[in-house]
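Asks: Here it is, the structure, as structure tokens.
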Amino acid sequence: MNDLQWPLLGLFSVLIILALFGNLLVCAAILWDRSLRKQPENLFLVSLAVSDLLVSVLVMLFAAVNDILGYWPFGQFYCQFWISFDITTCTASILNLCAISLDRYWHISRPMVYIRYCNRRRINYVIVLVWLISAGIGAAPLGFGFGSKVTINNLTGLPVCEMRLPLPYAIGSSMVSFFLPAMVMVILYTKLYLYARKHVRSIKTQLQQATSFLIMQLASEKIREVTAATLKGEALLPPDSPATERTTMTVSRHYSRRSTTTTTTATPRRGDKKTSSQNKVESIRTSIFSKLNFLCPTRFKNQRSPQDPHTPAAHNRSNISDQKARLTLGVIMGTFLVCWLPFFTVNILRAWLPEIFSSKTIMAVTWLGYANSSANPLIYSIFNRDFRRAFKKIIVRVFGCCWEEPDLNKSISSRYAAPDNIERRRSCTRSSESAHDNNNDANATRLNLLSNNNEETIPE
């Protein structure tokens, strides 16, 4: 082996191991974990993992041997089947990715229709259709007697398994196997991203309108209170009066697609003491925010009271979901297009002009496509919290070890936490530390008392 073959051996080994064990782990997680098994949409992930697993076992292993040795040692018979397995399994992997994008689009954009019509039986029909189309495209070279042939290299005298596809088949199979599914995925994921942005902006607008409406209602209620007191000749206490006033406030928010209804009821009860104006405003803000926190917990989970939506902290928090959507869709589509677009472009041009590309170029774009089977378990499974939890259980059961799962959402949210939340967490920490110290002092006091009592009971 020369100096170039050793790095290739290491690279091919890493890709094969990732594809093999990653997809095995996905299948095991869905089969063993009850919560994952109950979700019908995970059947698409099982089908994707099976197709990528077959790519690693039936295609990548033999391609690695062929490219490292520089010749084909497995004979004419398996050369034909190897090319057919390559086309079938890679097409199934791409079509499964397209089916996953369709499933996610219907699940998010039309959830009621999805819940009503999408079940295990229909998902199984789609998976069977995916594999039938893939098998039909992959079996065509065997049925019509084209696609591969073992020839003898004139320079080395060693056998070489060559792929020879007619131009009509190369164009047709590339359209069905990649270009049409890629077009569908780009359109659907773009629409999903735009839908998510529109949904987030709609929620932000509704929250701003509801907050403004509540403030107007409270102001008008206070005006009516002052007017009634003036007409009755009652005295109005100044805002900084030490008297107390209890205010019971109920806020009900009902969202619909076209309207937002807010009902506010303020019942003041005057007593001998009244609270200051600042405490009243703070109690009202806290009550309002508690309702908003219930209605939109992901946005207001770490805040104590509603803030101005135009402040930098609120703006950063509102952009977290948008950044996550861009990152997720960018990783999904970026990895898919980078891996497969060069291969299918070269595939069509190679059928048209066979001598235009070198063997190294063909090997590079081929393994770039195979790398997608190694990346799919990482993209579609490990970034999912339920799958990470299932992977942890499997690894603990098999190897007897464990890891501390990082909370990505918590780390991102902590970056944009409001200063009052940080101070509150610090105060809670100081309180817990002081409580711990007090408990230690109390325990030490008890021990001293016990020791003193014991010393008194010992006879001299």
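These residue numbers are counts, starting from 1, taken along the chain as shown.
Here the Cβ of each residue, glycine as well, is placed from N, Cα and C on the backbone.
Residues annotated as compositional bias 'Low complexity' in Swiss-Prot: 250-268. Among the features that Swiss-Prot reports, N-linked glycosylation site is placed at Asn154. As annotated by Swiss-Prot, region 'Disordered' applies to 235-281, 427-460. Positions annotated as topological domain 'Cytoplasmic' by Swiss-Prot, on the basis of a curator's inference: 32-42, 89-125, 190-328, 383-460.
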Asks: Give the residue counts of the topological domain 'Cytoplasmic' (32-42) per reduced DSSP state, in the order helix, strand, coil.
Replies: 6 helix, 0 strand, 5 coil
Asks: So what pLDDT does the topological domain 'Cytoplasmic' (89-125) average out to?
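Replies: Here the predicted model's pLDDT, averaged over the topological domain 'Cytoplasmic' (89-125), is 93.
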Asks: Once the chains shown are all counted, how many other Cβ atoms turn up within 10 Å of the Cβ of the residue listed as 'N-linked glycosylation site'?
Replies: 6
Asks: Residue list, the topological domain 'Cytoplasmic' (89-125) vs rest of chain: Cβ under 8 Å, 6 or more residues beyond ends.
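Replies: Tertiary neighbours of the topological domain 'Cytoplasmic' (89-125) are 40-41, 43-45, 47-48, 51-52, 54-55, 58-59, 131, 133-134, 137-138, 173, 176-178, 181-182, 184-185, 188-189, 191-192, 195-196, 336, 340, 369, 372-373, 376, 380.
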Asks: In the topological domain 'Cytoplasmic' (89-125), how many residues does DSSP put in helix, strand and coil?
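Replies: Residue counts for the topological domain 'Cytoplasmic' (89-125) by secondary structure: 34 helix, 0 strand, 3 coil.
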Asks: Other than its close neighbours in sequence, what residues sit by the topological domain 'Cytoplasmic' (32-42), given a CB gap under 8 Å and a spacing of at least six beyond its ends?
Replies: 103, 107, 118-120, 123, 386-387, 389-390, 393-394
